[in-house]
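Lifted from TrEMBL, the feature list:
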TRANSMEM  21-44  transmembrane segment
DOMAIN    95-502  domain 'Major facilitator superfamily (MFS) profile'
TRANSMEM  137-153  transmembrane segment
TRANSMEM  165-184  transmembrane segment
TRANSMEM  190-211  transmembrane segment
TRANSMEM  223-245  transmembrane segment
TRANSMEM  257-277  transmembrane segment
TRANSMEM  328-349  transmembrane segment
TRANSMEM  361-385  transmembrane segment
TRANSMEM  392-408  transmembrane segment
TRANSMEM  414-438  transmembrane segment
TRANSMEM  450-471  transmembrane segment
TRANSMEM  477-497  transmembrane segment
REGION    505-548  region 'Disordered'
COMPBIAS  520-530  compositional bias 'Polar residues'
COMPBIAS  539-548  compositional bias 'Polar residues'
Amino acid sequence: MSGVGEILKAVGDFGRFQKCLVLLSVIPCLSVAFHQFCQLFMVVEVPHHCDTSWIRAVGPNLTQEEQLNLTLPRGPDGHFEQCSMFSPVDWDLDSILAYGLNHTEKCSSGWVYPLEQPPSLLTEFDLVCDRKDLNDIAQAIYMAGLLLGSMIFGPLSDRFGRRPVILISVFLQGLIGLGIAFVPHFYVYMAFRCVLGASVSGITMTFLALATEWIGVSSRPNAVLTSHCCFAIGQMILAGLSYGIHNWRLLEIAGSAPLFAFFFCMGVLPESARWLVTKGRIEEAKKLLQKAAAANKRSLPPELLEQLKPEKQVKSGSFLDLFRKKHLLKVTLIMSCAWFVNSIVYYGLSLNVTNFGLDIYLTQLAFGAVEIPARFACIFTLQWFGRRKTQAVLLVLSGLVCLIITAIPEDQPVATTVLATIGKFAASASFSTSYVYAAELFPTVVRQTGVGLCSMSARVAGILAPLIRLLGQHHRAIPMAIFGSAPVLGGLLCILLPETRGTDLADDTGDGHPPAQVCENATSSSQNGQVKGKGAGQDNESTKTTYF
């Protein structure tokens with residue numbers, strides 16, 4: 001093990017210092033969940049009709065009901081059309097009453113909403129009729145921001161350090177979040193949301209790297225579970241905030257302003273000692289390690305600190321290695337597919353919270369709450385049944401639930417919501433499994449490249465998920481059929497992958513063989529779910545993305 005790895009063991013795997021680091025991530029994690037799904041509660045469907053106030057010029061004494069009867073056509077159900085009106089004419093009121101209006105056109109002067117309706121994205125920017133699709137397009141642009149952020153902030157954190165990138169990302173998220181509350185136009189809103197998504201990606205990626213580089217292998221599940229649970233709790237808080245605050249601008253401020261409380265704690269946010277060592281900043285690393293040891297009530301022998309030297313750069317594998325080797329090609333394609341379909345079903349269900357028929361606030365609360373047991377259950381299923389079976393079954397289960405939903409009539413919202421909650425449970429647990437499984441399947445020299453490629457495929461799926469919802473205009477079952485069939489196919493493909501439970505991580509790509517499958521009877525329970533790094537200087541690399 002490298003010098004920094006030995007010293008970190010002496011500092012302690014999960015002492016007070018590391019717990020404070022995990023605690024620091026709570027506020028950003030809660031805010032990430034808020035911004036991920038807050039738009040769902042800002043575009044709640046409300047009754048509306050075309051603005052036909054033109055007739056007031058010739059009939060100022062008309063009642064509201066008389067005005068609507070004269071200027072709006074009725075649909076087959078007897079209700080006024082929401083997206084069309086009778087074409088304005090230059091007649092007097094008596095002629096209009098005598099002959100009526102017959103020619104219709106799309107709303108040309110905007111729409112009218114209930115007076116008691118608080119301001120929302122839908123009512124302020126007229127996200128109805130021909131502009132209704134902008135809602136899902138805006139959500140896709142936010143997801144594109146997540147992809148953009150992963151491409152920007154990852155290299156930045158490697159070059160300038162974890163701490164400055166985290167501070168910049170948190171500040172940017174808070175600032176842009178507050179800025180969104182004052183945007184004058186919906187296209188400005190979409191641009192701000194794209195930048196917000198990039199900052200969210202910077203926070204999640206960099207905080208994960210920082211925590212992984214400080215926390216010991218055996219204690220990393222605690223840190224990851226905390227962040228996952230905070231994300232779930234953030235979804236539940238969103239349900240409460242949106243229930244109490246109906247004005248979308250005030251809701252955006254309420255979800256963004258608390259982020260600035262993070263800067264009161266910025267003095268205790270550490271840099272990564274590993275990163276400092278790789279950059280040759282040995283003295284800074286020593287001071288930081290001593291500070292961490294003191295916080296954990298440990299002492300570091302001076303001779304141990306003197307062994308600290310810049311780590312040699314281990315030659316990494318090429319991106320092309322993922323496609324040159326036959327066994328790696330199979331792993332890469334199947335795992336990328338698994339991450340893609342997992343993201344499709346997760347966001348397909350999460351973004352459909354307003355369409356299941358029950359109260360959206362209760363549905364969101366249930367969707368957030370169900371993720372907590374899903375994350376914990378993942379640990380035990382991985383230990384008992386292995387990675388391959390867990391991944392395959394969870395994906396197939398989430399997909400089958402969506403396919404069943406397509407067959408349920410619209411007048412049974414309870415059954416639909418219950419099934420959707422089960423699907424959210426399976427998709428959430430499958431996501432945690434995907435991180436673990438991918439990290440164990442790829443060899444050390446291409447692990448970050450392989451997992452990064454899988455993550456990118458998940459981001460692309462996140463962009464497509466809200467766009468797939470637009471197909472519901474043709475038939476309401478089409479989006480759910482796609483969200484259901486994709487993970488079923490992905491789950492079946494996972495059967496072709498090797499099992500990695502209880503096996504050592506592969507270090508290089510040269511042997512041409514996938515990780516050996518270990519008989520369950522030959523693997524002790526203490527080894528199940530553990531990830532073992534091999535080779536000098538690989539402690540941080542081989543376990544950087546390994547969670548359980």
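Using the three backbone atoms N, Cα and C, a Cβ is placed for every residue, glycine included.
Non-local neighbours of the transmembrane segment (137-153) in the same chain are 35, 39, 165, 169, 186, 189-190, 193-202, 205-206, 347, 351, 455-456, 459-460, 462-467; each lies 6+ residues outside the stretch with a CB under 8 Å from one of its CB atoms. Segment contact is absent for the transmembrane segment (257-277) and the transmembrane segment (450-471), given fewer than three CB pairs below 8 angstroms at sequence separation of 6 or more. With respect to Cβ pairs under 8 Å, the transmembrane segment (21-44) is most closely packed against 223-245, considering the stretches 165-184, 223-245, 328-349, 361-385, 450-471. Counting residues 6+ beyond its ends, the transmembrane segment (223-245) has Cβ neighbours under 8 Å at 14, 18, 22, 25-26, 29-34, 36-38, 41, 207-208, 211-212, 215, 251, 254-255, 361-362, 364-365, 367-369, 371-372, 375-376, 379, 428, 432, 547-548 in the same chain. Here the transmembrane segment (477-497) has long-range neighbours at 330-331, 334-335, 337-338, 340-342, 344-345, 348-349, 352, 388, 391-396, 398-406, 427, 430, 437, 441, 465, 468-469, 471, meaning same-chain residues at least 6 beyond its ends whose C-beta is under 8 angstroms from one of its own. Listed stretches 165-184, 328-349, 450-471 were compared with the transmembrane segment (414-438); the greatest number of C-beta pairs under 8 angstroms is found for 328-349.
Averaged across the domain 'Major facilitator superfamily (MFS) profile' (95-502), pLDDT in this predicted model comes to 86.
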